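Notes for the one structure printed next.
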Amino acid sequence: MSKSATPLTSHEKIDVCRGLFAFLVVIAHGVDIAWTIHPHAPTVMPIWVHDLWLYVVAAGAYWVIGFFVISGYCIQLSVERQVRDGRFPLKTYLAARLTRILPLYYVALASAVVFEFLMAPARPGCWPNGLDLNTLTAQLIVVQNLSQTYGSFAPSWSITNEMFYYLFYGVVVVVALKRGVRPTTLGMLICLTAALSLEWAYFLHFRSNAYIRVPGLLFGLGVVWFQGAMVAENRDRLRDSKIARIASSLWPMVLVLAMVLWYFHTIHIQILYLILGAAFTLMLMRFAVVDRPGAVAPDRGALGTLIRAIGMASYPTYLFHGPFVMWLGSMMIRLNLVGDDWRVTWVVLSAAGIGSGLILGYVAERPLMAWRAGFLKRLKSEPPAPLAAGSPSPILGIQQ
């Protein structure tokens, strides 16, 4: 079997999914922006066609849930690599997480401010809220999803959740190791308890109270995040399970079921998130059960380069596409380049958002990751603090 024909490893599949999910979010938002540029287009569609676009193609939330599950999986692997002899280097963990998220995030936020200024004379009507100093300040401290997002930087809402889960899980690992319990179990129990309590209060008593709804969703999506972490923790056990092999093969059907139920408006959005979480958890289980133990990706030549480029493009695509595509739509309006067919506008905006993400993956994400690798290497080379006698062994399920 040639190297290019060797089955993809789970890590390669995750890279492909990360990039593909980001591209699908761009395509979804391309519909939103194209419809604001062509406001009459959705009004002349048959209702079933309109809903197909709105609840399937333009439903970027599907793929954001996939990001959450993958994030939990990857962070669990990172935690396992860092725990040694009952010690968890919280400082190194936090440095790794913050240097992964914040540098490019702040560059993207600055670009959003610039693009909002440039598009002001002919701004498409998508994402009109939050163009004020208070919201910009919330974006600076990454709490925008607890209040409001800044204009065209609206797709960054999920970064609030990611930052919370990163910080929360770091604390959970420290506490769990001291208590001799599994961090994933403790984190899942906390999220489940908080989510169920808050959602119960929301649905029965406080339907108009954002102070109940927002943290309820935060912890509810945390349940989804920890599902990914638990797959990572139990990946070897899953590989040996016939039930896991059968169940994981059903993930495409569960994903389609979520889309069908949402299309027909038969479920609340919280239920949609749970079904999507199940679908993408099964997807990761599938990656794990078909992966060979210790499999290392061979040099795949051009295919390997493409896989790495797609994975590298994921985060910059997600962060930058909103402001950039909105600005491009504004320029099309100002230069009278908008045609009669809204689908042409949609294709142009989507292609530009995806293409810019691929470029930014190379010119921005790649050098930032190289700098980060050097920074973390220097940080890890610092001598560790002495280990206290009688420290417990790590309870992480899988040791590497």
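Heads up, the Cβ atoms here are built off N, Cα and C, so glycines get one too.
Those TrEMBL annotations? Automatic predictions, nothing curated.
Over in TrEMBL, the protein carries these features:
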type     : residues : note
DOMAIN   : 13-363   : domain 'Acyltransferase 3'
TRANSMEM : 20-37    : transmembrane segment
TRANSMEM : 52-79    : transmembrane segment
TRANSMEM : 100-120  : transmembrane segment
TRANSMEM : 163-181  : transmembrane segment
TRANSMEM : 186-204  : transmembrane segment
TRANSMEM : 210-231  : transmembrane segment
TRANSMEM : 243-264  : transmembrane segment
TRANSMEM : 270-289  : transmembrane segment
TRANSMEM : 301-324  : transmembrane segment
TRANSMEM : 344-364  : transmembrane segment
Six or more residues beyond either end and a Cβ under 8 Å away: which residues meet both conditions relative to the transmembrane segment (20-37)?
53-54, 57-60, 62-64, 66-67, 70, 124-126, 155, 310, 313-315, 317-318, 321-322, 325-326, 329, 332-333, 338, 342-343, 345-347, 349-350, 353-354, 357
Against the transmembrane segment (301-324), which of these stretches has the most C-beta pairs under 8 Å: 100-120, 210-231, 243-264, 270-289?
100-120
Could you give the mean pLDDT over the domain 'Acyltransferase 3' (13-363), rounded to a whole number?
95
